[in-house]
Amino acid sequence: MAAKDVKFGNDARVKMLRGVNVLADAVKVTLGPKGRNVVLDKSFGAPTITKDGVSVAREIELEDKFENMGAQMVKEVASKANDAAGDGTTTATVLAQSIIAEGLKAVAAGMNPMDLKRGIDKAVVAAVEELKALSVPCSDSKAIAQVGTISANSDETVGKLIAEAMDKVGKEGVITVEDGTGLEDELDVVEGMQFDRGYLSPYFINKPETGAVELESPFILLADKKISNIREMLPVLEAVAKAGKPLLIIAEDVEGEALATLVVNTMRGIVKVAAVKAPGFGDRRKAMLQDIATLTGGTVISEEIGMELEKATLEDMGQAKRVVINKDTTTIIDGVGEEAAIQGRVAQIRKQIEEATSDYDREKLQERVAKLAGGVAVIKVGAATEVEMKEKKARVDDALHATRAAVEEGVVAGGGVALIRVASKLSNLRGQNEDQNVGIKVALRAMEAPLRQIVLNCGEEPSVVANTVKAGDGNYGYNAATEEYGNMIDMGILDPTKVTRSALQYAASVAGLMITTECMVTDLPKGDAPDLRAAGMGG
């Protein structure tokens, strides 16, 4: 086992604080509308330029192992805030740095670290309740656009695009961010249900100019099995040909003789058919087939429930107004399924979302809800260079998470004002002893830190602005972009309550643990190995 280096008491805490300060100082230059960028070197390709706090934090690794431990613990604050709300990572880092610095001063002055932590925790619990009381719902498009704009570093086009996307696919809809091809940002909305499976044969294409298959008012056959024998398909094909409508087959696979016969029938114009593979794998495929059946008013032909393809009738088929299939995707538009059945299916999936344990499962279930309930919106980010594209994409992602958080828990006045109002309301909060009271004061003083940092990044004097804002009440605050005072809500400077709450809770959680640290243990750096190249040579 490798030898260890151990540091105790003040020696350990000073080293740890130095690491905290290096990471926090690198992150906090990005805070606010006039925050600066950070350039991150990459082992290959062009450097990345970012104004996203968590991206900066993730890159920092220090040489001194004790300092690095401090930095890594604050990195955890930024990551947790990012996971919970998708934004507020820089605010969380600034809060953590302030609580740790003030808390360690109090420990050095002889306060009991455990009581300090209890005081900090008490202040944070009370602050979260006050934040909830200050919160107002965020329901209209204007407020959603304002939240998106602030989170995307005052980029109004991004805020408007996100509001428009939410308008079109609903607040539960899936909104994804992709690289665009031009210089402008674009919004692309896919209505209906789209899944990532294309046609099984290019011979099905009936719109050569777009390379797509378009079927008007088709019957939709859903089969949870491989189809390779054309005999079991004949009754269905004959019934569809009599009805004079096209047919879409969605099955585990269609191959061999069956696929060849379908292609020949299509080319001769006997019956218009297209076949695609069912989306997903295993249990997820079964669930998605059932989703499509609900949407189109059909039945999944599955041998598990004793149904045979040969006995399928037109009553078992789903129907839709239109289906568009290209090389990679299939889109079903306006399925004829009953609204009550669709809502019941959506409620069932939502229940599964609540019980899901992994983020991946939750995300996939959320996508299924969106496909059934609304649609999918894609924001295509435009930029002149790849470096700018990466930076902008990160900002749009942040803005998207922030707007979702705002819809979920409401909004409070932005620019650090909400935390200052909370701190002033809690000025009479007391603990069980004097050390706890100091802990409460440490937490309340830290709540001023985000506003002070925003002002500092503007090149103004933090104390002057902080005192002016404290002298006001309600939503009165400082607009750092225009350098004016006024009502933050009226000026459109909003922060999602969830983002502010998560930042405060995670900062206090990690900072409290660091204040109560008395000993740090790490591996000793390995010394230079002796040069043995000439060992054993004769004299």
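Just so it is clear, glycine is given a Cβ too, placed from its N, Cα and C backbone atoms.
Per Swiss-Prot, ATP binding site is recorded for 30-33, LYS51, 87-91, GLY415, 479-481, ASP495. Around the Cβ of GLY32 (ATP binding site), the same chain contributes GLY415, GLN453, ILE454, VAL455, ASN457, CYS458, ALA480, each under 8 angstroms and 6 or more positions distant in sequence.
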Candidates THR30, THR90: member of the binding-site residues with the richest Cβ shell (10 Å):
THR90
Per residue, counting other C-beta atoms within 10 angstroms of the C-beta, which of the binding-site residues GLY88, GLY415 reaches the highest number?
GLY88
